[in-house]
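Novice: One structure, pasted below without further comment.
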Amino acid sequence: MTHQAAEVAKRRTFAIISHPDAGKTTITEKLLLMGKAIAVAGTVKSRKSDRHATSDWMEMEKQRGISITTSVMQFPYRDHMVNLLDTPGHEDFSEDTYRTLTAVDSALMVLDGGKGVEPRTIALMDVCRLRDTPIVSFINKLDRDIRDPIELLDEIEAVLKIKAAPITWPIGCYRDFKGVYHLADDYIIVYTAGHGHERTDVKIIEKLDSDEARAHLGDEYDRFVDQLELVQGACHAFNQQEFLDGQLTPVFFGTALGNFGVDHVLDAVVDWAPRPLPRVANERTVEPVEEKFSGFVFKIQANMDPKHRDRIAFMRICSGKYDKGMKMRHVRTGKDVRIGDALTFFSSEREQLEEAFAGDIIGLHNHGTIQIGDTFTEGESLSFTGIPHFAPELFRRVRLRDPLKSKQLRQGLQQLAEEGATQVFFPERSNDIILGAVGVLQFDVVASRLKEEYKVECSYEPITVYSARWIDCSDKKKLEEFSNKAVENLAVDGGGHLTYLAPTRVNLALMEERWPDVKFRATREHH
């Protein structure tokens, strides 16, 4: 096996998906602790102190305790290199989350044991299903009261339409939580409370049918053995192929806050989840072990570091190897660029990178030339598919408090739009600036970031726009005719694309009927 193939085989790139408050930030920290990437996990409960969760880095996230932006963390674990992508936990950020899920090979679903499957989890699973992403499941919060575990598995199967195969099974919960039993390998992992901040040696009891196990379970022993018989009779056994096909999820139980069970999940990702997978481009399928470099940008993030006024483009490497100072072709612009200062995200510590392989996520400094969906290669003309822009559902007109700052406002909005955090439209017939978003929180985020990072204060006004549609028409004459007729409702988006802002649903239906040669698109691929 070549050095490159060996490095690719070591890579595991996955994202965490969950409903807000299911414990995603906590589990992220504990995973980093496993990889020794952070020495002490600052519990999310001590939010008021300075120990903010390592992955929630933007000011507004610190205040609200939700991860709004996707951060990327890389850490070593058991001779592997793990790339963990944290996805926004708030329902408003579906676009950002969707794009993040295009950059991973597997996902970890975190469920709150007291609540089970929640709406946000369902939406994220729908996205994973589009690509048959393999899913590992973690039922969290066993240090509190949880629902009946069998009921939780039934719910996963019924609601998420995926087979659930329990790997570990909880022994009690809340104050009676004694640990978990490994179904296939017949041993108990003992839970001891109060070790949330550090890695501790794990106590194991070999064999359920042993005096030690009887002593540990006490009066619960017989009831637990009966429950296990029921579980083993009723539940699916783990099947590696079904897992890789996205049809079955292995289920683990634990408490992220108590730092228990997180290592079992990480072991599952390393042992069972796929190494970097081939990627489909319009031109051909790209294999990760190919010698030539290729990668695509799935996210742009402004101002990751208040000390550096910068924008970072996050790129998933699809093939080949990145070497410091190498020359790459920016396919959309046709320009060759030398990349000497790509970053790796070693738990939000930004480090200069010497080399990286397929599956890794690297950061490129972006001075406004890179867009989401851009492909970089060593010369070949490739464009990777499936990185969409969605038409926003909510619109507001932006009003500037200080008219002298209109340049900063435009610059700020342009950069935030490049990030995909919002969409910005400039109407052809007025000097208005219109923002589009998928959820209300995005407007708050934009206003707070404009104030925080660009020192611009703005407010919003309602505007009658029902929806936006990207205009596509191969007949130039027809397009010109349409543009003249519809000019009152036409705008250009942040990327320079012609957009129709429909005032009502009826208007949109009429226009589509009246102009059959013009395509009104609700999504637009980044390319």
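From the backbone N, Cα and C atoms, a Cβ is placed for every residue, glycine too.
Keep in mind the model is a prediction, meaning the values are calculated, not measured.
What Swiss-Prot records for this protein is below:
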type: DOMAIN; residues: 9-277; note: domain 'tr-type G'
type: BINDING; residues: 18-25, 86-90, 140-143; note: GTP binding site
Novice: Among all protein chains shown, how many Cβ atoms are found within 10 Å of the Cβ of ASP21 (GTP binding site), not counting that one?
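Specialist: If we count other Cβ atoms within 10 Å of ASP21 (GTP binding site), we arrive at 15.
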Novice: Once the chains shown are all counted, how many other Cβ atoms turn up within 10 Å of the Cβ of SER18 (GTP binding site)?
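Specialist: I count 24 other Cβ atoms within 10 Å of it.
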Novice: What three-state secondary structure does DSSP assign to LYS24 (GTP binding site)?
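Specialist: Going by the DSSP assignment, LYS24 (GTP binding site) falls within a helical segment, counted as helix.
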Novice: Other than its own, how many Cβ atoms are within 10 Å of the Cβ belonging to THR87 (GTP binding site)?
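Specialist: Cβ-Cβ neighbours of THR87 (GTP binding site) within 10 Å number 25.
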Novice: Count the Cβ atoms, other than its own, that fall within 10 Å of the Cβ of LEU142 (GTP binding site), considering every protein chain shown.
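Specialist: Its Cβ shell of radius 10 Å holds 27 other Cβ atoms.
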Novice: Just counting, how many other CB atoms are there within 10 A of the CB of LYS24 (GTP binding site)?
Specialist: 29
